[in-house]
Amino acid sequence: MNVPRALGRIAPRGGHRLSGHAGGLSARAHACRSAGLIALSSLLLSSLVPVAGAAPDAGDSSSQGEAPAPVQILDLTTAGGQATEVAQSGLDDAHASTGEEAGSAAAGSASATPVRSATAAVPALAQATGAADAPAPSILPVATDPQADAALLTDPLEVDRFFVAGFTWTGSADLPDGVRIYLRVRENGTWSPWYLNEAADAGRDDRATPGTGEFVTGGADAIQASVVGSSLPAGLKLALVPSRPQGEEVLDAGDLTTTQAAPTPVIEDASATEDHGAQVEPAAMAPSASPAWATQPAAVSAAPAAAPALAPAATSANGLPVAVTTRAEWGANASYMSWDPEYARAGHVVVHHTAGTNSYSAGQSAFIVRGIYYYHAVTLDWGDIGYNFLVDKFGTVFEGRSGSVAAPAGKMSIGAHARGVNTGTMGISMMGDYSAVSPSDAQLSSVGKMAGWFLKRAGISDVTGWAGLHVWTTERYQAGSTISMPRILGHRDVGYTTCPGNVGYSKLDTIRAIAKAQGAAPQGGSSSAPSTVAQDHPGAVALRSALGVNGWIGAATSGVQASTKGGVFQRFKHGVGYW
């Protein structure tokens, strides 16, 4: 069912832009958009149901948050690499604005601040992750301007609300030399900075799919895209994935409404172009044949049976150290999956981040995971989500690749998170962009505990040490070689990418320390109560005696999820909390 759209044609370049809302969102969609976790208080205790087996109504499943809607597709270049009307619609206005800006600067106008030096949006980024002391985002040199230097530039365009975006093209998986793709989005009436979208250095080892990594939002309703460079990729498309994707809708100029957008800064890892920071240098090891244990990963004939929608994975399942929101709970659509799990021995953990604005709420995390699932499985044609696990900024853990929770000790379901080393690793992604702001303490805690759990089950006692890692396809390293890598490493250590961001990468030692402590904890538990959303909000301290492994409500067994009754809910071992 397509969401009604308020139609308006793109104004002629240099002409007056139309404005207005581009989607007929339901009242429920608006409610979910504004739903956030409020301070925990006595209200939470009064609504906890301390009855074994208590569960919310079926309608409270996270998959019920918003109505199904199509994935919106914007064609930016043709199969021959020619720009479309939509892709050129903002060029004349951008060039005119640049000229006016230069003229105003010569006249001493205070309003002529170049786009690259605008910093008003920077504090909001730090607040979005809860990292008040996070370093300021890096601002690109004057030579790079997604508007003035654009070869392709859309107008600011209103669209139906989406949670995940990504660009795809045809031909080589790499972008043409010198080409950069930028995107900015509007959330809650405010435009984000411009973000560089890297070609994905991820995917299945048996195929290369041209596309960028996923870009996550907190529910955006307008976009502007830019391509800088002289050689345009053919078949370039922008996909906008809603919370419950169902089908696809190709938008053309007649379907779109333009809007206004003030200048915003440009944010990018300072190391994005050449130096990827102080990543590890692998110890030299001679090329080797494929390890005997990994030559033929054991294929599973079918995906593990999905748990009932109202039966979340218990904290004790497989000795998990924190509650994990299962695929059934976050609403994985089985029809999108075409890649059955395959298990192989694994002894390393690769830490990732997504790209995006970091402004999502706790209730929107499952929406984003569903969006990433569709983008990976369908848009990029991987057949499933590439990460084994994802962790939101509140510390909630989501199962990604099918079979990850059920993996036998010492093995992991082969993912599509780091080409070349998908086999032999567990991939865990921090939801958000950590190029310039820090992951939250809750997020780092959950990542570290999951890494420690996985490595301990593999019989690895020194989780801070190094070990050989076999390379299966030639990416950063030669296929067939074995490289010595830390047991817990960043994606950039094995690929040409800035992932998990400069600040995210700097936190790997923190993750290793948490993993080490987890390895020393009794199997099936952790040295402290699992990190849950509830522990990261005002009023939570007074409730910790009720929550946690030893509390009367017990440990959380799901993430925080949007309720169709309004607000959000979270399941615990002995009850359910609503607020």
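Using the three backbone atoms N, Cα and C, a Cβ is placed for every residue, glycine included.
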The annotated region 'Disordered' range in TrEMBL, which must be one of 1-23, 185-207
1-23
Region 'Disordered' per TrEMBL - which of 91-112, 421-442, 465-486:
91-112
Out of 271-290, 351-370, 391-410, 551-570, which range is noted as region 'Disordered' by TrEMBL?
271-290
